[in-house]
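This report refers to the structure that appears directly beneath it.
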Amino acid sequence: MGAFYYHDELPGTFTDEHNSGKPVSLEQLEKIGVFYRHFETVEEVDVVAKERNYKNRDEIVLSEATFPGGPEALQAKLEVFYKEHLHEDEEIRYILDGEGYFDVRDDNDRWIRAKLTKGDLLILPAGIYHRFTLSNSKYVRALRLFKDEPKWVALDRGTDQAESSFSRTEYLRSVSVN
Ligand code: KMT
Ligand code: NI
């Protein structure tokens, strides 16, 4: 089951839990356009994907044992995923096995951490700043669902491309009318 809380913002290894002890409700997440569901089967994921017109998906495995290039290459990949960024399209993540943390910015620019394990599904709206990391168990297998062509492009916070992107403008508009 998903667990949602404010990140403690303390220094240290980013794969640590960083639980501040301040919980976050699903209503709070919805206000910033983030949706959580728990599904036992991929068939249930398929229903959501169909409803929302998703056309593509892939499966990603992040583990020290199987990552091409080994543990160092995995660590480098994790650092990329942990850089604060946005995407131009909404996207769905569904955890098939293992666990991971998605951090999303709330409306006061504070980090909310979503700890996801097997069966958890998260919908991230286009234009929200976020980042991802494995936990200390260093293993996840997940489905990544894309509306159209897989868009791997991550626009890093602080760059003009991110700040002035259509998705960012639209995202800020959508949360301000909530
Ligand atoms: C993202 O959008 O940052 C990711 O897809 C991270 C990896 S998915 C387990
Ligand atoms: Ni991302």
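From the backbone N, Cα and C atoms, a Cβ is placed for every residue, glycine too.
Fair warning: this is a prediction, and the values are worked out from it, not measured in the lab.
Feature list (source: TrEMBL):
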type	residues	note
BINDING	His85, His87, Glu91, His130	Ni(2+) binding site
BINDING	His85, His87, Glu91, His130	Fe(2+) binding site
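Structural mapping of features recorded in TrEMBL.
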| residue | record | DSSP class |
| --- | --- | --- |
| His85 | Ni(2+) binding site | strand |
| Glu91 | Ni(2+) binding site | strand |
| His130 | Ni(2+) binding site | strand |
For the binding-site residues His85, Glu91, His130, the one whose C-beta sees the most other C-beta atoms within 10 angstroms: His130
Spatial neighbours of His87 (Ni(2+) binding site) that are distant in sequence (at least 6 apart) but have CB under 8 A: Leu124, Ala126, Gly127, Lys151, Val153, Ala154, Leu155, Ser167
Non-site residues, in chain order, whose CB comes within 8 A of the mean position of the CB atoms of His85, His87, Glu91, His130 at Fe(2+): Leu86, Leu124, Ile128, Ala154
